[in-house]
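*Asks:* Summarising the annotation, TrEMBL assigns transmembrane segment to B:15-37, B:58-78, B:98-119, B:140-159, B:185-209, B:270-294, B:306-330, B:342-364, B:376-396, B:416-436, B:489-514, B:587-617 (among others). Sequence annotations record features per position, and here TrEMBL assigns domain 'Cytochrome oxidase subunit I profile' to B:38-554.
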């Protein structure tokens, strides 16, 4: 039975739950916007990384360089698009 | 009858009725012709179900040429309408429809399939592969594009054409100001074609990364393959933006959301923003493959290897990233503050640098070369000065404060035609002529081709150069007429004369295809241009499996090394080859997509739901299907190769 | 088909490796798809017109249930792939089935949430904010729905055909898809709900 529950994945799951709980502090505690958004950014991106490396096995693939590049490239453009749009449509309008 | 009223055209005219009759007659003629010559089986088994990248490429090519003529007729109508002041040839509504469909057809349904035609035909051959990574998805991509194009093109006879410009800005494109179904056609047809393009993007990235011949490292890929790779990378990251933008537009028009509306918090300007987040990378999607074609053609006909290969690769990689950082220069005048205008002004001017590097690389490739002015080379050499004018005026437009003068005038129209026509159309004509013998086994006539080139090149400049002046004098784009007092008349007449020259050029190209099909020699060998890359190391026309033995590569110009230095290209024994089976699923599924799109355009929910279920049923069928492809036996390969490999050895 | 036995079954053939690689590229495209939705959401977040704002309609309980359920399902499918790699077909089918059941629970709660919003006057057509909120959630929900069918087909195929390079490859690719949907949900949870309730 225990071979069905590899340590790495169980730890990843527990860690994800902890991160979710950590994110909830912004709801239960009275934090400022800056502190809150920092907590959320940290918990969300770390948790995404846990999924990517722990569960999706991105590092085991023989094409991992290309796959990492693909993810980083996508992420960079995604962030440019989001913040560029906010700059144009909200902050500088 | 009320039910059928929705299919009527809101603004009918004799010309539209005439086209209806023409379309009907053509379709009847096709059906009768296919039945009379008993070609239905041939059409189904050899074309509609094919997964062969070369045949898919040819189908892309035919569609692109058809759309080129459709968009070209739109263009002629516009030039004719504006040739004299206060002209009554078209009314304002028809003029709106014509410039809208001209833009959409030329960008989405002409330029895109044209670049995918050449990528399909050439990329697997250049990297020494048997097919693309996912042959069946490749067929699906084509048929989705084709059905999207057909859906868009029936708009002008059923329900009315879109008329809000090819950018379809809200609120004009919203339900309040565009009450006909035209904009629904725009949203749904481009969505269907866009899904096909996204699939192609994934397909080609996987093909180029995973299926290169042994020894072909990334930095040993031919330049066209490099540009294809980077283009598809842009496609993969840009087209999802279009998907969502069109989805949100559809939500607004069909489901009454307020995302781009002017009430309840909606933000009409957000459409322009999202549209250009896709739209600017799209410009580079179109122009990068063209750069690849020019690199191949200039290198071949200068008889020199490409100058500055590494800087060429570096510049396209930089362009691919920067193409996502400049989109706001399309709407400097929309009312943002100076901060964002300055940022995007700077990124816009910065992207001219890698493009400039490429121009110098081509010039230096030609330096001290033994230049042969064949038709592809004429287009490539003609491209350099014309495109430079387009680029320089682009930098002018990129200055946010000066843009207030140029924005929305004919100056802008002149600028982007000066980039897109040499940057895409010239390249496609060069590529078409260059790879024609590989596709069809004979060459296009050089003399007619040169006449066509001069008509196209001169006609183009006569058409668009005057627009720089009328634009600076204040002629706005998309205005169907102007008064005589403006003084725009003579220059617009000159533009019309140029447009006729362009039309003659394209007619000559068609005549050239006809003439060469009848008269050209079929005995041209497999390498008529004395070229340098692997696609010429195949039989003409190319075998279904491309290469009997996988080529072994250790330089950028493997085929050249094989010819000049006798480096062996093919080693080892012939083995049986695994090939994918044909499938009717992509075609059937795309037909269902067509009905789905049509139902959505007219908000017919029951057929829309049924076809949605049918699409998922097709996917389910595909999931459960077992299809391991088939093998081509060694005997069969040897029989096909017998005559040819001997010849190749003699040539050496 | 040449099968390389030194690698996990799902990487066993060249075509399998290509399928997995191609799917990663597709995930890159999906990143942009959701990024565009987020860009639009953040732009329209405070443009509520005459409708309610996020802080007035979001409720923690259903959202937290959805988050935990989807997180657990992502864990379960991870275990399913692990079971597949050690050749335990039945355990794999069990884990995949639990995954899909949890996906169904997620979808049920989301449907409840949508009807609740419609009930309290935050329907699709109310304002720019509700429109983009429901479109974003709906796009994710549609992905989950497609995933449920897809996963079901894969369970049926593994049952019928056993663990072959083909079925293992499909199962692994499906697991990538499912994990990715959880990643998207993490961002929805953090930057739509929690940020809205903060």
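From the backbone N, Cα and C atoms, a Cβ is placed for every residue, glycine too.
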*Asks:* Near the transmembrane segment (B:270-294), which residues from the same chain, at least 6 beyond its ends, have a CB less than 8 A from one of its CBs?
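*Replies:* Distant contacts of the transmembrane segment (B:270-294): 107, 111-112, 115, 118-119, 167-170, 173, 223-228, 230-231, 234-235, 237-239, 241-242, 244-245, 248-249, 259-260, 316, 319-320, 323-324, 326-331, 334, 358, 362, 380, 383, 419-420, 423-424, 426-428, 430-431, 434.
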*Asks:* Under 8 Å, at least three CB pairs between the transmembrane segment (B:58-78) and the transmembrane segment (B:15-37) (pairs 6 or more apart)?
*Replies:* no
*Asks:* On average, what pLDDT score does this prediction assign to the domain 'Cytochrome oxidase subunit I profile' (B:38-554)?
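*Replies:* Value for the domain 'Cytochrome oxidase subunit I profile' (B:38-554), mean pLDDT as a whole number: 93.
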*Asks:* Any residues 6+ beyond the ends of the transmembrane segment (B:306-330) with a Cβ under 8 Å from its own?
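*Replies:* Residues 219, 223, 226-227, 230, 233-234, 237-238, 272-273, 276-277, 279-281, 283-284, 288, 291, 295, 298-299, 336, 340-341, 343-345, 347-348, 350-351, 354-355, 357-358, 360-362, 364-365, 367, 397-398, 400, 403, 556.
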*Asks:* Check the transmembrane segment (B:587-617) against each of B:15-37, B:140-159, B:185-209, B:416-436, B:489-514 and return whichever range has the most CB pairs under 8 Å.
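*Replies:* That would be B:140-159.
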*Asks:* Ranking B:98-119, B:140-159, B:342-364, B:489-514 by the number of C-beta pairs under 8 Å to the transmembrane segment (B:416-436), which range is first?
*Replies:* B:98-119
